[in-house]
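Before any comments, here is the structure.
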Amino acid sequence: MARSAQPVSSLPGVAAALLVAALILGTLAAVALRAEAGHGFSSSDWAALKFTLTQAVLSAVISVGLAVPVARALARRRFKGRSLLIALLGAPFILPVIVAILGLLQVFGRSGWISEVLVYFGASPIRIYGLHGVVLAHVFFNLPLATRLILQGWQEVPSERFRLAAQLGCHGWSLFRLIELPMLKRILPGALVVIFAICLTSFAVALTLGGGPRATTIELAIYQAFTYDFDLGRAALLSALQLALTAAAAFAALKLSRGEGFGAGLDRAIQRWDGGTPILDSFWIILAAVFLLLPLSAVALSGVAGLFSLPFLVIKSALISVGVASASTIILLLLALPMAAAIAVRRHSPVELAGILGLAASPLVIGTGLFIIIRPWANPTDLALPVTALVNAAMALPFALRILVPAAKDTVSRHGRLALSLDMEGWVFFTRVFIPRMRPQIGFAAGLAAALSMGDLGVIALFADPEIATLPLQIYRLMGAYKMEAAAGGALLLLVLSMSLFWLLDRGGRWHAEA
Amino acid sequence: MLKLESCIIANGAFQLHANVSMEAGSSVAVIGPSGAGKSTLLEAIAGFRQISKGHVSWMGQDLTELAPGKRPIAMLFQDGNLFPHLTAEQNAALGLRPSGKLSKTEQAQVSAALERVGLAGMGTRKPAELSGGQQSRVALARVLVQHRDLLLLDEPSPHLAQP
């Protein structure tokens, strides 16, 4: 039929989307059915809800509040290493949470660098555990994201407008009110709600820096209901609560945010004539850079010592992690590529909806659901690794599609006609045109998926038994046993492995790729 | 004989009525101001545009419902005639087999076609390593090996100097 002539069928993509929807909605249904509403929420559940909301609001407000001056400074200053710093702002996205936490502990912890200085001057050391520790870690992760989102807003202000303002003699406060405030009003709500949504599902940070009745997130409470009490009904009830929260937040985030372009074009500095105060700008840039780099340097410094005397357990878990990350990446590509193709040939399809479904559910909620589904059939701990790989892939899917879909649309619109005239359809088009043309994006998405899976400390904590662990979980266990040197060595290994996997896949995709 | 019988081709608000027949073996030039519907006509014949009424046929065979690749037609577009990630040889080979996997004799046909358009020895180059005119000639070589009954050219040779 000439009408719907498309070089590639949308059927495999629809099938993949159905699988994803079945996985996510199925687990959610399992959770909802199992939730024991009769129990009602206990006071500790309400406390968890309150803490979850409090820390998410604080993290969002502080991250965004600090990001405004940093982004403003980055937008109007040009200096050596500027583009490197901006690239570095993208790194926390793929940074394993446990690595960052170890670094933060070494800088801000009770026996960390700052505490040592304080003690030296007779002050008491910092207490990092609790609300402020959780918020600190969240700001560490989300300040860069907020900075990138806001910087994007600044870059999108047409340079003519700054020129006009300069001609009118506008500067300082009046320039801010004329040009920058309207832009911030447009950008900030989206940035706030995105970070709020991310912090809602915080698990690893709350697990390591929170805990106790006064610093437990819902995600952590699910885990505790599982591991301490093995109370599936309560875990499911909490999951239902968490689901309502994350779905609402994800919906609001999608409505308010316009999506980050993953940093494309952010390295362009706008020419401005108002000058501003260079010292203040430098202060903010240096502060942000130090805040980001200090914990990472701490991990590198303390890890080197342990790196060459790693216990066998750590090596073994590292191998397991690489295996899980590879499997997760393959699953992701098997789902995302057909879905991207389907979205490219049929606009506004439900496939797109299935693609963002993952944003509405949190890993532990899906984990809980899978546990409930698997238990009648098999021992869930036997399936810990496949389940981890699968859930990691599902969680990476929305990000992967965001990277792949624009390139897929471009490939189909640019080469579809020629391919059709040569009778290249279906599999032939997919392998000979679609995949080769999208290699850079496929590499980037695969790198992202691999690094995210490598650093994930979530579902695996729910499913694993003492015999088996991924590297992040192993590091967490070592920290719990106060084997800090081995933990630091493991963290450095994890950091190196995650970044190498990302780099290899991303580079591999761009290798000899013609524009 | 290529026949368009009381065809109506819609392109947005634009409508083209075509009622024309052309003899096999003839060369036909379609001339008109821009926006007259020259490309729309070619796209409809090649199968890229839906015909809302009427029939297209070739030697009595109705083409109206056939997919573009199944029609006895080779087409060169204004641009985008080559895949940038494939070599000249691989691009030309697609004219014989969409999968690009060729037998020995087919391989020889491709080489001969490239030689005929003056690109002998350049088969391993990718489009980016060829000039605009050379790129057009690779597409021409592909059309040669395609051996289709009809060749549609939609202003394909802005770069093509006298060979």
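Cβ atoms here come from the backbone N, Cα and C positions, even for glycine.
Not measured: the values here are computed from a predicted model.
Annotated features, as they stand in TrEMBL:
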- A:49-253: domain 'ABC transmembrane type-1' (DOMAIN)
- A:53-71: transmembrane segment (TRANSMEM)
- A:83-108: transmembrane segment (TRANSMEM)
- A:128-151: transmembrane segment (TRANSMEM)
- A:187-212: transmembrane segment (TRANSMEM)
- A:232-254: transmembrane segment (TRANSMEM)
- A:282-308: transmembrane segment (TRANSMEM)
- A:318-505: domain 'ABC transmembrane type-1' (DOMAIN)
- A:320-344: transmembrane segment (TRANSMEM)
- A:356-377: transmembrane segment (TRANSMEM)
- A:383-405: transmembrane segment (TRANSMEM)
- A:442-464: transmembrane segment (TRANSMEM)
- A:484-505: transmembrane segment (TRANSMEM)
| Restricting to the same chain and to residues at least six past its boundaries, which positions have a Cβ under 8 Å from a Cβ of the transmembrane segment (A:383-405)? | 20, 23-24, 259, 262, 320, 323-325, 327-329, 331-333, 335-337, 339-340, 343-344, 352, 355-356, 358-359, 363, 366-367, 370, 374, 438, 441-442, 444-445, 448-449, 452-453, 456, 458-460, 463-465, 468, 470
| task | Would you mind listing the long-range same-chain contacts of the transmembrane segment (A:356-377), meaning Cβ under 8 Å and 6+ residues beyond its ends? | result | 20-21, 23-31, 34, 197, 200-201, 203, 219, 222-223, 226, 232, 235-236, 239, 242-243, 246-247, 250-251, 253-254, 383, 387, 391, 394-395, 397-398, 401, 456, 458-459, 462-463
| query | the transmembrane segment (A:442-464) and the transmembrane segment (A:187-212): do they have three or more Cβ pairs under 8 Å, with pairs 6 or more apart in sequence? | reply | yes
| query | Of the listed stretches (A:232-254, A:282-308, A:320-344, A:442-464), which one yields the highest count of Cβ-Cβ distances below 8 Å with the transmembrane segment (A:484-505)? | reply | A:282-308
| Stretch among A:232-254, A:282-308, A:442-464 sharing the most Cβ pairs under 8 Å with the transmembrane segment (A:320-344) | A:442-464
| remark: Sequence-distant contacts of the transmembrane segment (A:282-308), meaning Cβ under 8 Å and at least 6 residues beyond its ends, amount to 66, 69-70, 72-74, 77, 79, 85, 88-89, 92, 95, 99-100, 102-104, 106-107, 112-113, 140, 143-144, 147, 484-493, 495
